[in-house]
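The block underneath contains the structure these notes are about, expressed in structure tokens.
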């Protein structure tokens, strides 16, 4: 049996763009992805702090150091530019494994 645990969390990501007619996904600055240990095409949960919307999608790598956080496709209807997001990924692990440390990136404080 495996359990789902928090793997990575990007806190206070600011939406910088949205493209309703793109096929889907969230575009994230590749440097932020690296800091958070999130890879391209990884499934993530997106939580909008401004309106409470939650959705799941996959990640597209954005330009490094661009600070890009853009929701694409139907997900673009769940946010506005300037909204604050939590972007969360999970891992499936053996429940007997101890000391699982998620990678936390806080864009508000820079940690």
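Just so you know, glycine gets a Cβ as well, placed from its N, Cα and C.
According to Swiss-Prot, the feature active site, schiff-base intermediate with substrate maps to 25, an assignment based on sequence analysis. Annotated active site, proton donor per Swiss-Prot: 58, in sequence order, evidence recorded as sequence analysis. Among the features that Swiss-Prot reports, substrate binding site is placed at 57, 73, 74, 75, with the record citing sequence analysis. What Swiss-Prot lists as pyruvic acid (Ser) is 25.
Everything Swiss-Prot records as a feature, shown here on the structure.
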residue	record	DSSP (3 states)
25	active site, schiff-base intermediate with substrate	strand
57	substrate binding site	strand
73	substrate binding site	helix
Cβ within 8 Å of the mean position of the Cβ atoms of 57, 73, 74, 75: remaining residues of the chain near substrate: 24, 25, 26, 55, 71, 72, 76, 77, 78
Pairwise Cα distance for residue 74 (substrate binding site)/the residue listed as 'active site, proton donor' [Å, integer]: 13
Integer Cα-Cα distance in angstrom, residue 58 (active site, proton donor) to residue 25 (active site, schiff-base intermediate with substrate): 5
Pairwise CA distance, residue 73 (substrate binding site) versus residue 25 (active site, schiff-base intermediate with substrate), rounded so that it is a whole Å: 7
Protein Cβ atoms within 10 Å of residue 25 (active site, schiff-base intermediate with substrate), excluding its own: 19
Least surrounded among the binding-site residues, given as 57, 74, 75, when other CB atoms within 10 Å are counted: 74
Alpha-carbon distance [residue 25 (active site, schiff-base intermediate with substrate); residue 75 (substrate binding site)] in Å: 7
